[in-house]
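Only one structure is covered here, and it is reproduced in the block below.
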């Protein structure tokens, strides 16, 4: 087949081209907010519209377009859906063996207040998982835990998506930062430093914001000491680790420091009033569990599934383990790489999105052993043995997990199909170039480019791979620091995670809200836009006023 070159301005006017390119996204917003369609229905129609735009407007060859849709769908199944299946399976093992009652009791013994439980589980534990694994696992695990603690499913999912803003940029051992460095040629350590001078401000704001969502102004007044301890310790550790150690460990270090500081603080301080969701939508929790006399050994045993999960995911994430499966590694043959027919290197990305015409690779990687989902599955198998779960119960639990997640898995596949047709057709790059045409105001809109990238792909890493080079080029054209705008792509991207169709589908799957994706999207969308504007203001101030903050 001939090499097809992407054309980012088929209409001859970048604004008209971007309007047509935005049709699938506008439909997706409309389908969830106004039509209130189920997630899998909205995603299916969005793929159909994106495919039509790619074929009719961008003149993408039919074979290339269909191949990108199929590639995206299978990428949604592996590795994304695999992570969710394994994570939900671990949670179900904990529930089925009766250990979750003890976990619930241990958290209630620290604090019965659900606002503070959100800080411990949703923020601290979630940030740790984000640093170790990323790619949807933190939200799936923490949201399921919070539902078990009595949170309303919608609130558990929505709050976990919002609070996940703080750690995403340094997620999965700093991969988003490392990728940004690779595609721009800028030192990834410096990018991490710059992100570490933007995100700490957002961390504090996000935690106060979460308290306001849960309990209004009263919630802020009653919990501010705990928020300052949790958010302040996290922000300081995030700044110090990103600026003096590197981009790989800020989430791990910050989350552990925050968890330790908050837990010690709550031994000395509790809010004057205990807050709990009283609506019927929340599962009822027996408050006497907080006073049940479980021994330290029983509590430790109950937490073992999640300790195993933490250990295996961390092991799978460290560079020496990853190197085994990289090209030239001892176990590289265990990774099956399949070039996608009719797509691999048959589409060319063109300037100014890249510096020169570049063939777009499309290789499906079936890393059956080194995938994060497999690490979580190992944790599940260890838990089954450790907790002496009957094999028949384990098999039935895994079967019920697959059955419950069948529809969400399809949704995730269609969401990734939309992301891939957007990327390979050039649709996403058209939207990016339109934003880059805003001149000196681009410092404000720069984070929106990262936001758009994460919305489309569900990943800050993928957003940087798509748009970081464009950010650097735009920065040079308007005379501001390319380091600043590449960092803004990363920082802005974290605010798009909470409304990414992929994240919405994962969160709904984890808490049993299948078919309620529109409710969750409406819950998070306004917060996402507000946070992105905040990052835009911070970036603009750093570009023109606070230039001393740039490394």
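The backbone N, Cα and C atoms fix where each Cβ goes, glycine too.
A quick note: this is a predicted structure, and the numbers were derived from the prediction, not measured.
As recorded in Swiss-Prot, the features of this protein are as follows:
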TRANSMEM  13-33  transmembrane segment
TRANSMEM  37-57  transmembrane segment
TRANSMEM  70-90  transmembrane segment
TRANSMEM  131-151  transmembrane segment
TRANSMEM  159-179  transmembrane segment
TRANSMEM  194-214  transmembrane segment
TRANSMEM  244-264  transmembrane segment
TRANSMEM  366-386  transmembrane segment
TRANSMEM  405-425  transmembrane segment
TRANSMEM  438-458  transmembrane segment
TRANSMEM  494-514  transmembrane segment
TRANSMEM  530-550  transmembrane segment
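Sequence-distant residue pairs (6 or more apart) of the transmembrane segment (244-264) and the transmembrane segment (159-179) include at least 3 whose Cβ atoms are under 8 Å, placing the two stretches in contact.
Across the candidate stretches 13-33, 159-179, 366-386, the maximum count of CB pairs under 8 A to the transmembrane segment (70-90) is reached by 366-386. In this chain, the transmembrane segment (159-179) lies apart from the transmembrane segment (13-33): fewer than three C-beta pairs between them fall below 8 angstroms, excluding pairs fewer than 6 positions apart. Against the transmembrane segment (530-550), stretch 494-514 has more CB pairs under 8 A than any other of 13-33, 37-57, 405-425, 494-514. Away from its own ends, the transmembrane segment (37-57) comes close to residues 10-11, 20-21, 23-25, 27-28, 31, 65-66, 69, 407-408, 410-411, 414-415, 417-418, 421-422, 424-425, 427, 501, 504-505, 508, 514-518 of its chain (Cβ-Cβ under 8 Å, at least six residues beyond either end).
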